[in-house]
Amino acid sequence: MGIKGLAKLLSDEAPDCIREVELKSLHGRKIAIDASMAIYQFLIAVRSGGPNQQATMLTNAEGETTSHIQGMFNRTIRYMTEGIRPVFVFDGKPPDVKSHELIKRREKREKAQAALAVASEEGNVEEQDKQSKRLVRAGTKENEDCRKLLTLMGVPVVTAPCEAEAQAAALCKAGLVYATGTEDMDALTFATPILVRKLTFANASKSMVQTMNYNKVIEGLAISHDQFVDLCIMLGCDYCDTIRGVGPKTALKLIREHGNIEKVIETIDRKKFVVPESWVPNEKKLDAQSDDDDEEGVESPSKEENNGIVDTEELIPAYVQARKLFNEHEVLNDIELKWKPCQAEDLQKFLVDDMGFNVDRVKNNIEKLQAAYKANSKPQTRMDSFFAVKANPNAAKSAAKRKADAAKAKAAVSKKKTKKH
């Protein structure tokens, strides 16, 4: 899911962090790509169908889905032909606190399944396409298929211990790659120096991609890294609920004024804005203990009566756990990235015999892959000045507004301190 509303907020409040560039401007760059995100997009985009027919995923003779293989094979060759060296990072085990988000996704798929049944019965092709895409999920088989494909292509594959975006960001911060390639905005929350979006959509007719610079995000929003993490949590992330009624602009205003979530909770109008119970678990526990004490004068068990054991885990606010995940995510540090020549014979066998691809097209694409590998293996000089960058028309206006808002927030804090004294 990423971070709700962050892309729009950055476009409005920190436009200098965003650049629209041509795919070829990334020539000579190594990019860590979120594999699960790419596979999901290929499953949605690579489909067959005609007029008045529901679009369906590509399959082989055995009925096995091959859309992800088709998309991954062609797009990886496109990257390498443009001089880009891709590294695909796969998700590991999701963090425990993400379970509530996974449950929500499952519920959404169940609703989509019911809506698809209705659309099919009514013969509504457009609605069938819409709901069938909502049912798409990159499962274990799709991930294993792509791991095998990429290995045969000679492209590095990394399996993260946890979230792929966090691992990709770590590779970027370590200088092993230039950027993280994903649509998920939480790559910025993990502090990837450069985020590249729209990579999966880039093709011959639409070659522009979007880059975001982390340092310019922080500079443009006029907040610190820790405040940015808290802002992202308030906007809405995969790891916890957020304050109901607080939109992106209000969240930024509150973080600028108060500095962190703890102080926001202390000062926010709780009648107007609903703070999740998981954010204030101590309040709920204290209320429960108070109610128990009020009933017939019965006191709650003391620490001594519980053999000195106090359940502190449930007292950790959800946003604190989310904050820790963003700042201390489990990643692999000892990684060596190697691009190798493709295993042409085994690759052709996998694509033609196992996946049912056209042999002539496969041979032609393998030749392109081999040529790209040979070209990319030579020392290369980047020529950034030759590539045009699309300027953001709102940059000057947003910069002035940002400075004014920051000044107001600073003045408000000073005023509150003066009143206290």
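Note: Cβ is positioned from N, Cα and C throughout, glycine not excepted.
What Swiss-Prot records for 1-109 is region 'N-domain'.
Counted within 10 Å of its Cβ, the other Cβ atoms near D91 (Mg(2+) 1 binding site) come to 20, all protein chains included. Annotation source Swiss-Prot lists Mg(2+) 1 binding site at D34, D91, E163, E165.
What Swiss-Prot lists as DNA binding site is R47, R75, E163, G236, D238, and the listing cites sequence analysis. Counting Cβ atoms from all protein chains shown, R75 (DNA binding site) has 22 others lying within 10 Å of its own Cβ.
The region 'I-domain' annotation in Swiss-Prot covers 127-258. The average pLDDT computed for the region 'I-domain' (127-258) is 91.
All chains included, 23 other C-beta atoms sit within 10 angstroms of the C-beta of D184 (Mg(2+) 2 binding site). D184 (Mg(2+) 2 binding site) carries neither a helix nor a strand DSSP state and counts as coil. The feature Mg(2+) 2 binding site is assigned by Swiss-Prot to D184, D186, D238, with sequence analysis given as support.
Look at Swiss-Prot and you will find 284-307 (among others) tagged as region 'Disordered'.
Taken from Swiss-Prot, the feature compositional bias 'Acidic residues' covers 289-298.
Here Swiss-Prot flags 379-387 as region 'Interaction with PCNA', drawing on sequence analysis.
If you look up Swiss-Prot, you'll see 398-421 (among others) marked as region 'Disordered'.
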Mg(2+) 1 site, defined by D34, D91, E163, E165: further same-chain residues with Cβ within 8 Å of the Cβ centre: S36, M37, V89, A160, A164, A166, Q167, A168, T182, D184
Within 10 angstroms of D34 (Mg(2+) 1 binding site), Cα basis - binding-site residues out of R75, D184, D186: D184
Helix-strand-coil residue split for the region 'I-domain' (127-258), DSSP-based: 66 helix, 17 strand, 49 coil
Alpha-carbon spacing, D184 (Mg(2+) 2 binding site) to E165 (Mg(2+) 1 binding site), which is rounded to whole Å: 8
